[in-house]
Ligand code: RP5
């Protein structure tokens, strides 16, 4: 059990990633899924990375969402250190608009998977939804909340555009 009892860890390489990664936190809040956010840099805090990756399952986390930008090693390194499902969010970078982040995260060698989402906020939101869908496999109440959330999004789509 984590100190907070959270099911989902949301980790990011920098404080500057939080504007993107909080989209995952927001959708998890909407679905009533517990989560805890941490800053863990593969480059600047490698010891913290190792400690988190090795300890994540023992802490009680069940899914990890990891976001980073540029040479984005964080999701892959965490996936190397834990058997938990790891969802990777490529954060938009200044130089290459997140294409560097995407390729860094998605091109994992066979055997160490990172479920990679879209660049930026859409990816973070979808990582939250994917984490909820994973947890919902063993939680009927959460499954119902997730289906209701999706039904509400469907119902919000107008038949025709308005001026
Ligand atoms: C990466 O470098 C982080 O994930 C972040 O996306 C990017 C820039 O970090 P800062 O320079 O803003 O700390 O490690």
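The backbone N, Cα and C atoms fix where each Cβ goes, glycine too.
Among the candidates 44, 48, the residue that TrEMBL names alongside 14, 17 for the substrate site is 44.
Highlighted in sequence order, 12, 13, 15, 16, 39, 41, 68, 69 have their Cβ within 8 Å of the centre of the Cβ atoms of 14, 17, 44, the residues recorded for substrate, and are not part of that set. With a cut-off of under 6 Å between the Cβ and any atom of ligand 1, the binding-site residues 14, 17, 44 reduce to 14, 17.
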